[in-house]
Structure formats: structure tokens, C-alpha cells
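Taken from Swiss-Prot as is:
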- 15-91: domain 'Carrier 1' (DOMAIN)
- 1404-1478: domain 'Carrier 2' (DOMAIN)
- 1943-2017: domain 'Carrier 3' (DOMAIN)
- Ser52: O-(pantetheine 4'-phosphoryl)serine (MOD_RES)
- Ser1439: O-(pantetheine 4'-phosphoryl)serine (MOD_RES)
- Ser1977: O-(pantetheine 4'-phosphoryl)serine (MOD_RES)
- 3-547: region 'I' (REGION)
- 1466-1919: region 'II' (REGION)
- 114-146: repeat 'I-DR1' (REPEAT)
- 310-321: repeat 'I-DR2' (REPEAT)
- 378-390: repeat 'I-DR3' (REPEAT)
- 454-462: repeat 'I-DR4' (REPEAT)
- 477-491: repeat 'I-DR5' (REPEAT)
- 1495-1527: repeat 'II-DR1' (REPEAT)
- 1682-1693: repeat 'II-DR2' (REPEAT)
- 1750-1762: repeat 'II-DR3' (REPEAT)
- 1826-1834: repeat 'II-DR4' (REPEAT)
- 1849-1863: repeat 'II-DR5' (REPEAT)
Amino acid sequence: MISGAPSKDSLLPDNRHAADYQQLRERLIQELNLTPQQLHDESNLIQAGLDSIRLMRWLHWFRKNGYRLTLRELYAAPTLAAWNQLMLSRSPENAEEETLPDESSWPNMTESTPFPLTPVQHAYLTGRMPGQTLGGVGCHLYQEFEGHCLTASQLEQAITTLLQRHPMLHIAFRPDGQQVWLPQPYWNGVTVHDLRHNDAESRQAYLDALRQRLSHRLLRVEIGETFDFQLTLLPDNRHRLHVNIDLLIMDASSFTLFFDELNALLAGESLSAIDTRYDFRSYLLHQQKINQPLRDDARAYWLAKASTLPPAPVLPLVCEPATLREVRNTRRRMIVPATRWHAFSNRAGEYGVTPTMALATCFSAVLARWGGLTRLLLNITLFDRQPLHPAVGAMLADFTNILLLDTACDGDTVSNLARKNQLTFTEDWEHRHWSGVELLRELKRQQRYPHGAPVVFTSNLGRSLYSSRAESPLGEPEWGISQTPQVWIDHLAFEHHGEVWLQWDSNDALFPPALVETLFDAYCQLINQLCDDESAWQKPFADMMPASQRAIRERVNATGAPIPEGLLHEGIFRIALQQPQALAVTDMRYQWNYHELTDYARRCAGRLVECGVQPGDNVAITMSKGAGQLVAVLAVLLAGAVYVPVSLDQPAARREKIYADASVRLVLICQHDASAGSDDIPVLAWQQAIEAEPIVNPVVRAPTQPAYIIYTSGSTGTPKGVVISHRGALNTCCDINTRYQVGPHDRVLALSALHFDLSVYDIFGVLRAGGALVMVMENQRRDPHAWCELIQRHQVTLWNSVPALFDMLLTWCEGFADATPENLRAVMLSGDWIGLDLPARYRAFRPQGQFIAMGGATEASIWSNACEIHDVPAHWRSIPYGFPLTNQRYRVVDERGRDCPDWVSGELWIGGIGVAEGYFNDSLRSEQQFLTLPDERWYRTGDLGCYWPDGTIEFLGRRDKQVKVGGYRIELGEIESALSQLAGVKQATVLAIGEKEKTLAAYVVPQSEAFCVTDHRNPALPKAWHTLAGTLPCCAISPEISAEQVADFLQHRLLKLKPGHTAGADPIPLMNSLAIQPRWQAVVERWLAFLVTQRRLKPAAEGYQVCAGEEREDEHPHFSGHDLTLSQILRGARNELSLLNDAQWSPESLAFNHPASAPYIQELATICQQLAQRLQRPVRLLEVGTRTGRAAESLLAQLNAGQIEYVGLEQSQEMLLSARQRLASWPGARLSPWNADTLAAHAHSGDIIWLNNALHRLLPEDPGLLATLQQLAVPGALLYVMEFRQLTPSALLSTLLLTNGQPEALLHNSADWAALFSAAAFNCQHSDEVAGLQRFLVQCPDRQVRRDPRQLQAALAGRLPGWMVPQRIVFLDALPLTANGKIDYQALKRRHTPKAENQAEADLPQGDIEKQVAALWQQLLSTGNVTRETDFFQQGGDSLLATRLTGQLHQAGYEAQLSDLFNHPRLADFAATLRKIDVPVEQPFVHSPEERYQPFALTDVQQAYLVGRQPGFTLGGVGSHFFVEFEIADLDLTRLETVWNRLIARHDMLRAVVLDGQQQVLEQTPPWVIPTHTLHTPEEALRVREKLAHQVLNPEVWPVFDLQVGYVDGMPARLWLCLDNLLLDGLSMQILLAELEHGYRYPQQLLPPLPVTFRDYLQQPSLQSPNPDSLAWWQAQLDDIPPAPALPLRCLPQEVETPRFARLNGALDSTRWHRLKKRAADAHLTPSAVLLSVWSTVLSAWSAQPEFTLNLTLFDRRPLHPQINQILGDFTSLMLLSWHPGESWLHSAQSLQQRLSQNLNHRDVSAIRVMRQLAQRQNVPAVPMPVVFTSALGFEQDNFLARRNLLKPVWGISQTPQVWLDHQVYESEGELRFNWDFVAALFPAGQVERQFEQYCALLNRMAEDESSWQLPLAALVPPVKHAGQCAERPPRVCPEHSQPHIAADESTVSLICDAFREVVGESVTPAENFFEAGATSLNLVQLHVLLQRHEFSTLTLLDLFTHPSPVALADYLAGVATVEKTKRPRPVRRRQRRI
């Protein structure tokens, strides 16, 4: 202040006001650059140049001076006179002092103290993460400046100055969501690119590449890299400056300051000093304190307003933003010259509108026009720099806030719209203190704004963005770009040298081509129009649709042509004269030529006339499908009447309603249809009618008169009749015949019902052309097998149906290799969505066939558009409508009747001569749907569509309550009307749910107990639950953390109270000294009171004086770091909610660690065990409020899968995610969100409801919770409730902060709880308490009433046809309403999102078969309630689970084929394929404990493993070996050794050896002492690994495993585990590792002994021999099995001495894996089939022949015992699977899956046996199949080799004899993980690595790009040239192969036969194959040993496999002997082949 001047407080009010007004006037003159004479009291300040930003600054000035004005008031009257009146009306007495706050009040940034982000900064930081939608970019500006003479040293010096001046340039952004100041900023100086001497071409290329690299740069803000300057030096002293700035550190308003200061420094000027005592951290703390009350008000304001907000801009997209992997933005710029801008802003000011709001209104209007909206939610950027301190004005920081503005875009003049928006803005701006970021988060939580508000408007008018200087040393801004995460289009307006720059930065990849360009052009035209035409402000916005688009519409709709003459039926009678003997129609009963058909029709017409039918009468046809329908139709038309087809398949009452509405004169029926008659209307059977005399003179009608009336569903409950003229229908039929050359050679399969208008073309189109109808009977309408027979028998050439039926045909034919579709030359589909896959699938049968997609409406004569499809482009999202048919037209219209621009969705209108006459006898509905405009008569379809730029029409679905379901058009209103008439329905509404294939869902509010059934308690549930509990286990009652330890922590660590110190009765000074925020006062007072009780402080009356005492040293380890956490919370630097995630201090952890928690959980486990025995099934336990699942994990660890099915329900999505991760390894655990849909899905299912410290927390939020729990429980269920009676000391340091210091208000004693239970009709049977933790056993009521949807469906079926009865019925207490009281349909639809779809109440399985299937699906798929609509594969099923399912169904007495499940994956459809069979009396599982330690036979696979490891075999000399290396921190070797020995004792096969060709379990083995290695370097560890990884374990000596440990200096311990597949298969290894992990983690929890052994399993009679049918099936396949992949090899396999395996491994992250499985399910493929097909695609590209066979490893455990999946053993079987490439990848994959399902049906025949048969068939020694696929998917071991385990996998390898390449796949931690183990020496260097890269790339592509599934294989992986198997090297010829044939003597043959009998125990004839005679591979090993003893010393094991019969072997031995005698060469090392 000036010395001597009076302070404001000393001025009298009048003088005070006068001084303020004078200051206002002077500052306005200066700011607006006016003279005093130019500024009048009535001058419009906005017109004078006052913009939005300056207005906000003036508002701050007014408030700082004590005038409580609002922004709305300043905008309302922007003149000095009006503002003066406002000042006079407000008292200025409460003006704020201009004094600076105390420096210590607002702390500065320091290196050690991070501080919070603003909401916008937080959004930027999280949004930039790569996993976020449109993430992977920062909020980033890249700008180039072009100038002269700037040097790097000048620039660097200036930036260094700014670094010292602005602390925000030192900021780094931490992963925990905070920012921190770095004393040394991250800046490496200016990077210089010297291009002064480059030629022009290379210089430009360099600059382009530099721009490409820098323009979308993601700066490393986490280390403080927030800006960067690079300088390019150019010739002639020119330069280009490249600037990168992350907007986390500065907003656009700070740019001006930044560049101004930088330019000043470069110009040699000095900068004024700034106040360093107050920085951005100070500002944020200051702002938080001042704004807190305003923030609460603002939050309430926005939450109240939220439900009324309009949608965000709805622009056409080509892809979902979440699928876009990279963000690359494009800039568009319009520069408005100063003079034109002056005109624009001046005119805006005249209407009291700022230029900013005028621009925002124009921008919104363009968005609205292309989004079909009248209002939208615009994301407006605010530069919300509050002048809290003088230092703020010169501060560089991000002050950004966002405001979501409800913007009016249409329906008024431009000026009025802008004023309305400005008024809304001023009101919203006053409530900006609850940021738009937070509002958006709330809106997303409500699932209303899935993309947020992705279109942003930013205005920086009134200042330059880059510098306010006229001359800038930096240069002029030229090319630039910005990015903001999650933003689609970002609009920026700013001034530059008097001009205004309007820029759009957009992510064009999201939008259709040229769309953004079109929008920007429209925006520029609006701005130019408002600049040029003053009157435009007083008019609505001019239409923005481009003229070029209108011209294209006119062209494609120019369809006029001559109109066909005559009546609809006349052409058929002309054909009858021309070709009377030609076939006209055939069905199962009749086959008529044209003469017969027309004769019958004439006779029937004659009888109609006799019955009194007059011209124009309506005659109903109600009969089942057949040739008689044609007679009836033609007869009615000949009689001059109108035919009215009325379906027989609907309730009689509805038929009668149609008859009455249509004034039907007579009903034509079929005499076989007993129920077709009418009570009130005459009926006539066509069979009787054709006995009459034919009509003599057919009645002639005008072509414009009606031909037929088709009734469709009506919204009022009454069906509506569409009246179609002869001319309209005839035009369509003739057009289609001409377009597709339909003629006498054609036959059509007439599938459509007569009341479906596709039948009109079948009859009048095909017969008019001389073709014939092949009619299906009523029972064949859904039977593709019958269709194929009819198509083949009658040579059908045309197909005309809804898409679903054609899909059914293709699926059938693909599955059964039926080539029937090749007969169809033309396929016409319409009536519903057409799958993108259908054209290619059809052309796989007939490449040159015509595939025609058509559309239209019954109201427009069958069809109105057609599109012939050749190839389906990858970018298509659906099959389009195409173009209008002849004499027909289309419009796409918005709500105001305007044509929609290209790509914009609107209602489809149809015009032309096909438009119906209207609805019969319903003028009101006719007027609503049929519009007569000056140009044309139009039918409003209610369909949504859009135009493409070339004039193609795309169909997008329905907009009203009329839907298409299964091809039927249904008015939802008719269903709602029928529902409302049912007794017991209070209110109801109906929706069609699903994206394309719709399903009807009814939401019903029932009355009283309507549609109810009563359930009673299961007698197996106990009446007294405490009888199951037993005695509560003993426990220590001392808490983990004592009160004394808590007191120590509070006194010394947190409050820092020293002995003798007096805190004072008022805690505020203490809080101030510790910088504790005022809101924590209640908490601090509670702590002080606690310290008094602990005798650490004296009472408050004595000032809380600290008592004498010393700090204890035995601090609990959980306190480590907790003081820092609490200090940050108390100071406001951290949110207290972070405690919820604290591993030690969350309320959940504190409750879990309470000493009574473990005994209670153990008691609950005991109850579950006892109850499971009583129920003879797993107990269904639902935990409500599961949190992160800590207690659940402890419970599940004490139970097995046969005892519990656990469902955890949790409100918090974050905690739900944590719980899913924690419980991922428990197959019986499922987790769901706590919401209405989940509750409905689990209704009446829980045997036990568990509430662990949750009831007190949930009850206040939901007072009806106890009633809800009743709905979850079965009658008589147990509520197991655990609740604290009082707060524990440790909770003072956690829970207290989360409950506002008053947690006890939520806690109750046992009497209070018992009263609550009793009031809710529960019976509290028992209670207990230990150390303050209470436990209640509460019984639910024994009787419960529930709603039964089937009752309602049955009632509806009496009023509606079957296709109109909703498949889903959802009972609700009330329908949800919007803010304006209407039904909230969006809320209802959200119940059926894909996530909620599985949880919604739906059509329950019906009948015993469906229920049996449903029960098995629930068990196998680990899912909740399945419905009749549930799809096995979409629910997670795969081929493995499918195989298990068929086996279990067989045990239940049903014949089930895998192929049926693949073809019919919907539950109801699959159940219909099952056939009841007589199952032999099931043999009980034989357990032979007395034979447990006796030898038993090896399986075929075990024998192959054993024989194959012999050193002489090709690729032998290795074991079937699995090796894995783990690292483990803080290894407890004793514990590990104990656990391993327990597992040895538990599992017999860990004690097994192989002796004399048999396996045997040892009864006793010595304790395993784990060998240890002390190692000093990682290299030593690697040497140990290498030695162990490739060892061959001796199966004859125990142990046949190896487990060793290595200690490496400074590293975690290493654990090496070797297992042999000879004794353990892959699943056994998963079980073993899971039990090892669990045992080591929980050593006190012992696993129970197993009641069954592997030996028992193998001895079961059902496993002893393969099914004869399977043997025959494989025998029939032998000639069609191709060889193994012919891959390029480095050498022949037999040349590899000892194979050495190498590994490649990879993974598909959980997101992509989930997406890939979802795509697989949608394509009805299992995940394994997809992976096999991807792998085969790669192999096929490298193989010499594209077809080949793979060897599949199956872990084939037959479900012979409930605990079969807990035992170890080698259950492996092998199965061959062939790959045959098809037209596309998808087709190939589907074919592979079809073969897979067939092969699995016959998997009881091993691949080993099949390969032997192949060898015999091909007369070769062996047919190897050395390329192996091993899938462990579906085994629910998500913890297998998981990195989260204590045993963390580091490295692994497997090896198998005779295998070249083994691809293994498994799931772990939500990911797909896979390995390739291969013989390294076998393949050229780098080849397998290249194949692996291709596989990984293709796998990712399949997950990301759905269109790639349709591509040919060569487009995915190009074939490799010269791929072949050692093609350049001739095979070696061994001497034995070239020896002469010498016959053996009979004695040798006899000797071999005798030896065989001795070894095998069976006889063999001389010429009989050893294997066919009963030998195994192991027998041949034994035979080899025996024959060597008989003087055949040169005989090798391979010789027996090469010459596998006595005579062949004897012949060979004779030849060898001869050669030995004559040549006596040096012995040749024999090469062995794989068996």
C-alpha cells in the first residue's frame, strides 16, 4: 500500500464503494485498451472485448473486495452501470484483507514430501497408462517454431533460468498418484540437429522422421522428464525449434507465461522477481481449505443434476476405442483474420454472448447434427487459477479443471442457443469445485457414459497461446499436435497476432474415413456464416449436410422403371398354359404339376364363390405347412378376394381376434388340422373345396387393389393387418426374378410360414418364373437333415429364409461333411441380422454362387433393398442393406425429419410403389406410420440405419418397441398388453436384449403372492445348527498387537509426546504443531482419551500432561512405516481409504488377525464338513462382504472341492478383483459383485450365509439387508455371523480413521443382535464371544415363498404365440424410473450386459434331461444357474470339459455324442439330442488294499516312454522328463523337506519304480533328505541346472524324481525339481506342485489320506479293452490320415546322437486371453481348438505338404471315483488329429474342431495302436508322429507355475523320446502360457525361433483383430518356399535294406514263435504281426533279450519293430547271416526308428 493512504476498512461505505467503482473503471479501460471517452456506463463490455476468462478474473476481483456477485449476474448485464448497481446492492463490509498468509501456514515443495495431484492431473496420469483405453499417450503438446538466428547456448541459458524460477519444472510424478519436487531437475539440455549442410531431400526426410518420433512422444514423467527442447539448424541462419511439454506441469494458460518469459530471456530482458514462499503445493493446500465447504455444495449440486444430463457426443465410430492400440492424432486449423473475428465477436456481444460461448455452441451444433442429438454433454476445459495469493499470477502449473456442460444445440436461433448455454455455464461454473473429472467418474459408475465425455472444448481467447510478443526470438508457431488420453476430438481456440486460430486435434482412426474432415468443414462454414451474415444469428443453424451427399442419395434412389402389369397370380396361370406338365409344387404328401395346381385352385375358387365369397372379401387361410396352402392362396385371388394368412401356431383367442379385426368372411383350413376351425366364421377344408366345379370366370381386380393382408404384432395388444396391393407385391417379385435370372430351372425350398411375407416371393416369384416349390412339412421346419435330403432329392437351386435357418443348414453340413449347399446357386437372406461369416461359409460349398442380402418391411411389399455380397471386407461390422430395388426408395431421417449425413444413424423410411395401403381398419396407426409428403408417400419403418458415402444403406437395428426375434416382427407393446391382463401382474414392461440376436425379457412387478411357489426346509439340514459345530477350538486370547504397544506407538511415534509435556485440553495447538487437518479433531481426541486409560496422559482437566515413562523397545513389526502412513493421512497428503488396501492395517486384516478369528473359521469348516456328509454334496456357502478374501482363503484351505461350493459377494470392485486373484487357485470358489443381478442369480441357493464382520457395515447402508439374506438362503439355512462387540486397540490406528472417529455407533452387543435377528424372523440359536469377537448361529425360516417364472410363461402362452412368450422373466419390486418419472430402460438393459447376462434370472431347464445336463454344466463350468439358453462354449466350455461331460452323461444313462455338443451348444438344443440308454449295472470301484504293493502293468503310453528311452532308438537315450527351477525367498529347508516327505507318503506313485516291465509301489522308502549346494556365483547355479535338467532318471531305482536345493550368494535359494512322465502325467504334476505350494505355505494344515490309488484305477474292468466301435472307426480312417508335418530339417532324426531339448516360452496376457476365449466362444470353438489351429497355420506354412497329423496328449482320467482328480499317476493317452486347411482360418478351425470332437468320441483307442495299424497298412516299419500338442487348459489350476507363489518358477524344460517338437499350453494367473520344447540339433538355426515368433504374432492378432479369423491362411502366415524334409540330401541306405532276399529255415521261425509264446503268453502264427497277436512294445524288448540269448547276437531292438512277424524276422536274420559270411564288413551302427 502507498504510505499515508487510508485502508479500505477505514473508508465509509459510500466512499468505499466509490473507490472500488473508480478502480473498476480504470482497470477496465486499461484492460480493454480503450480511452476514457470510449467506455460509457452503458457500453456492452463483452462487445468491447471482455471474454470468458477475463470475466472470471473480474468475478474473483469482486469477491476479493467483498462483493458476493455471481458469474451469471456479470453475464446477464455486462455494462458498467449494471455492475455498479450490483455493487451498491451488495455490502462490501466483509472484504478480505490483502495480507499474505504466514509462510509456515502453506508448506512449500520439498524433496522428501510428495503432495497430491489435482483431479485433472490424476486423470492425465492414470489415463496415460498403456492398458487404458486410448492410453499410452500423455496429455502432451508438441509444437514446432520456425525462426532465425536462435542458438542452442542462448536457449539453454534461458531454460536454465526458468528451471531455477519455476519449481513445477522440477516435478516428477510417482506411481502412487502423487507428485514430488526434485532438487535436480531432469533435463539434459538442448538437443541440436545440424542440417545446414544437408541437401534439400535428405534434410526434409530427416525432419519428417524427427517429427514422427517427437510428435506423439510419451515423456517419462515418473523420473521428472516433463518437457524437452530440440533445435534444428537450417541453412540461411534459419532454425526449427521442437518443443515437447507434458500438460501435467502446466495448462494452456501457463503456456503464455512460459513462452513470454522464455522470449524475454532470449531477448536479453530480465524477469521480475517472484514470491518463492508460496508455490503450487502451497496453493493446493490453501485451495483445499478454502474450497471444502464449496466442494460439498458442488457435489450435492451435480449429483442432483446427474440424472438429467444429456448424453456425450454420439459420433459414428468404426471401432470401439478400447480396441485401438495406438493413438495418432491429426490437426485441422482454421485461421480467422482479425477483421472477420472482430465482426464475429462484436455480433456475439450484441446478444450478450461471449465469443467463447458462441464458438462452443457452434462446435456443439456440429457434433449434435452428426450424432442425432438436440442436447449433448460437452467437456469444457477451465483454467481455474484462483487468485488466492499474489504469487499465483506468476506461477507455472496445471490449474486445469473441467466442466461438463449441458449444451443446447437445436430448436432455437443461434443467439438464443448461445445465451441459453451461457446461462447454464454460469450456474455450473459456480459449482466447479467438485471437478468434472469426479462427476464423470460418478457417471461412469452408473454405467451411463461408457466412453466418458471424449470431445473437449478449450478456449484461450483473449491471449496468445505461445507468446504475447509481436516478435518472438523462438520463431513463429507452425506445425504442431497435441494428445490427451481418452479424448477423441480436442477443440482449441486462441489468439495470435490479432487473428484467431481454431484447431481440432482428433484421433481419426476412431472414425469412418473423412468424417472428421466433413465435421470440421461444417464447423468452418458456420463460423464464416456468422462472421459474414448478421441475420444468421437470429435464425436456427443452417442445415449442415453436404450437398455432395444429397447428390449421391438422389442417384441411388433414381430407381424408376416400367411397372409390371397385371395381378399377382396371373403369371402363374400363364405358365400353366405354357408348361402344364412342369413340376409346380411338392411336399411329403403331394406332387403336382402346373396343370394340377391351377386346376385345384380353380375348383377351390369355385367353391369359395358358391360359399358367398365376394370380390374384395377377406378370406383367412389357417392351415399347417404344405401344398394345400398354394391351392388356397391362388383360389382366394381367383375369386377376387384378399387372402389373410393366420398362423395355426398361436392361441385360438388371438386367431379369433385377427379374424374379427380383418372382417374375415370364411376360413380355409386343412382337414388334418383339428384345431384350425372358428366358432363364429364359416370354415372350409381345401381338400373338400377342390371337389367343386372350377370357377368359370376368374374375378378381375385392379392392380392397385389389395392382394393380401398379413398381420404382424401390434403395440396396443391387437395385431395389425398390413394391406398389400397386387401391384406392390408383383413389382418386387418381378424385380427379383429379373435381377437373379430366376426361371423354369429353379427350385426353392419353401421354409417360410405363409403368414411370413417371404412366402409371397416363394409362391408368386418362383411360380411366375416357371420354377417349383419344394415345401417342408410342419415338423421339418427346423430340421437341417431333412432339408438336405429335400435339396438333394429335388435339386433345389434357390434358398430364401431368415439368416438363422441358413446358418443352421451350413452348420449341419460343415459338421457332417455334407456338400448339399453346393446345389444352391442363389441364397437370399432377410428378416434379421446376417452373420458376416455366412457368405464365405456358403462359398466354401459353391464359390460362384450368388449371396444376396435383402431387407425391407412387410409394409413395403416383401423387400425394398438388395445387396449381392462377394467378399466381406474386414472393416464391415454387419452385412449392409445395399441399394433400393426397382421403383423403391429410401431415406435415413433424424427426429426432426431431416436427412442424416453419411454414417449417422437415423430412422429408415421407405418410399415407392411397394408401400402398403395402410393397416386394415386402423386409420390412426396408418396415419402414424405412413406419411404423405409433397414428393412421395413414405413408410416409417422404425428401423435404424445409415448411409455410407457411396450410397449403400446399412441396417443398424430397431429404434422403437417393435423388434425382430427369430425373423418374427414383434411389437413389445402387444406382449406388455397381454401381461397387463394377467391376474397377479401389477406392472410390466418388455425389452429385446442382445446385440443382434435378440431375446425377449419381461420385467414384472407382481401382486401379492402371484406366481409363487412355497419351498420347505430340506430334512437333511439340521434343526439345531450348533450340533454340527462341536467344541470351539482353544485359542490364545491375547491380541496380536497389545494396548500397551498401541499406546507406545501413539505417544512416541505419532503424537510425539515427551514426558512432562502438556498437550493442553484443547487439541488444536497439538494438531497445528503436527500439521494435522482440522477434520481429524475427533480422532485425535479419541487417541488422547485412550492414552489416559493407558496411564500415559493425565485427564483432560489436567491438560493431558504426559506421565513419566520411557519408550519401549519391543515395537511390533507391523508398526514399521505406519507412522508415516498415518502422518500423511492426517496432513491431507494421502487418502484414508488407502488403509483399506493395507496388508496389515486394513479392517479386514485386523479382524482376520484377531485371536478368535481362526477358531471361528475352523468351527465353520467343521460345520461344512459335517453338512456335506449329510447332504451328500458340496455345501453351498455364500459369504456376504468377502472383502479381499483373506478369511475365505483360510476356510477353503480346510475343505476340499467335494465339501464346499463357495460364492463370495462384494460391493467394492477393487476388493473383488483382489479376492479373485487371492482365490484363483481354489476351483470351488466363485466371486461376484453385490448387486441386484447377482442376488437374483443366487436366490434361494445358500445352505450357509457367512457374514464375517460385515453386518454392522452393510446394515446402515441397506436396512432391508436381513430380508435380502433370506432371499439368498434355502429354507432353514444357517447364518454364520461374526461381529465385534467393541473396538480393538489396533483398530484405533485404522478403523477409527475410516469411521469419522465414531466406529462404536455401528457395533452392537449380543442382545441387540439377537433382537435384530428376531425382528427379521430369524432364529438365533446360539451365540459365543471370545476377546470381544462375537459369533452367532442363526437359523433362517423353515418355509420360504418365491416367484416361479414358469407359471407366468404358461399363463402368457394362452394369450400369445410361442415366439412372443419372453424367454426371460425378471420379477422386480418396482420398475426403475428416470428423474422425470419414466421407466428407466437403460437400467433394465444393464442387467443384461454380457457381464450380467450369466447372472440374470432366465428360462430354467425343463424336464429331467435338461435338469441333468444343467447340473453337470454347473459342476464342470463352475458357474451359477445355467438356463435353457446357456451356450456351453460361451460359458467357458472346451473340448476337455466336453469330453468329461459325455462320459458323465453316459454314466447317468444317456447316449451323448461330442459332435452333437459342438453342433448344438445351447443347453436346450443339446439336451434334445440325448437318448436314454440302458446302462449296464455300474460296477463299483474296486479298491484292493491288499494288492496295493503288488506289481501292475504299464499302460501303452508308459510302455512307449520306457522303450523309447533305450539308447539305440531314433531320438532315444532321453527320459520322458519334466524339469523346473524355482526360486524361493527365505527358504525354510526343514519345512520343505517335511512337506515333501508328507507328499511321498500321501501319493503312491512318488514311491513307485518299474521292475521287469511292470510298475510297483514300494511300501517303505527312506525319508528323502534334500541335497543342497552352496554356490558362489550364478554361473555355478547354471551348471547345476544344466546337469539336472537333462538327466535320465533310472525307473528301476527309487526315487524316480529328484529334488535339490542351491544357495547362491546374495540371491534367493534355488529349488530344482525333476519328475518323470513315465509315472506322472502333466495333470499329476499340477496337483503335486499345488499341494507342495499349499503345504509349504500352510504347514500346519495336513491333507487327508487318499482312499484310491493309481493301481486301483488301472485295474477297473471298464478300462481293460477299447470299444469295438472305436476300433472299427479308426480302421475306417486310416487311409485319410496324412503324415506328420514335413518341416525343414538340418539332418535326419536318426543322425542325432543324443537329443538335447531347448525351450521357447511365451504368454498371452489376461486381457488378450480373455478376448481370444470370448471370440472363440462366439465362433463355437474351444480355446484348445483355436490354439491348435493357430499352431497348425504356422506349421502348415513351413510344411512341405499343408495337410498333416499332430499327436495330442490327453490327460484322460475317467470319472470312476469321486477323488480320481486328486491322485497321481500317468493317465496319459495319445490321440491323432489331422489338419486340413480350408478357405479361411475360421473354416479350417471349425473343421479341425469337428474332427477333434469325432476323434474324442473314440479316444479309447490309443494313437500308438493307430500308428501301428498305419505302418501295417503302408507296409513300413513305423509311422512316426513326432509333433506333439499338450493342452492343460480347463484343469482349473490357475496357480500352476504362478509367479505369485512362494515357489516362483524361473526356468523349465521337458523332453520326450522320439518327439521333435512339443507345444504345451496352460493357464496361470489369468494368462495363457505356452512352451515349445524341441530337439535343437534337428532344425536349421533360427528356424524354430522364427516359427515361434509367427505363432506369437498370430495369436495376438487373433485376439485383437476379429476380421483376421475370416482371412485365408496364406494371408496370415505366408507359405515358406522350399519347405521340406532335408529335401537336398538323399536318404542313407543301410546295408540291411539292400541285401538279397534269403528265405529262412523253419527252425528259426519256430524258435521265434516259441520265444514269443514264452514272453507274451499267447501264440503267434508265422505270418502274424507281433502286435496283432497281443504283444506290446515292452514285450518286444523282452523278446529281443530272449532271442539274443539264442545266438542272434547282432539282432537289434529296432529289427523287431522293422520286421514285426516271425517269418519276416527270420527272413531278415537269414539275410544278415549270409551277408556276414560273404562280406564280414565292419559293424554298422544301426539307426533306430521311433515305434
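Just so you know, glycine gets a Cβ as well, placed from its N, Cα and C.
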## Note on the structure
Checking 454-462, 1495-1527, 1682-1693, 1849-1863 against the repeat 'I-DR5' (477-491) for Cβ pairs under 8 Å, the most are found for 454-462
### Query
Quick one: what's DSSP say for Ser1977 (O-(pantetheine 4'-phosphoryl)serine), helix, strand or coil?
helix
### Summary
Long-range Cβ contacts under 8 Å made by the repeat 'II-DR4' (1826-1834), restricted to residues 6 or more beyond its ends, are 1438, 1440-1441, 1515, 1626-1627, 1630, 1684-1685, 1687, 1693, 1727-1728, 1731-1732, 1735, 1739, 1748, 1750-1753, 1755, 1777, 1840, 1856, 1858-1867, 2034
### Query
Reported in the order helix, strand, coil, what are the DSSP residue counts of the repeat 'II-DR5' (1849-1863)?
0 helix, 10 strand, 5 coil
### Task
Around the Cβ of Ser1977 (O-(pantetheine 4'-phosphoryl)serine), how many other Cβ atoms lie within 10 Å? Please give the count over every shown protein chain.
24
### Task
Looking only at the repeat 'II-DR1' (1495-1527), report the model's average pLDDT.
85
### Query
Reported in the order helix, strand, coil, what are the DSSP residue counts of the repeat 'II-DR3' (1750-1762)?
0 helix, 6 strand, 7 coil
### Task
Write out how many residues of the repeat 'I-DR2' (310-321) are helix, how many strand and how many coil, based on DSSP.
1 helix, 0 strand, 11 coil
### Query
Which residue counts does DSSP yield for the repeat 'I-DR1' (114-146) in the helix, strand and coil classes, in that order?
9 helix, 9 strand, 15 coil
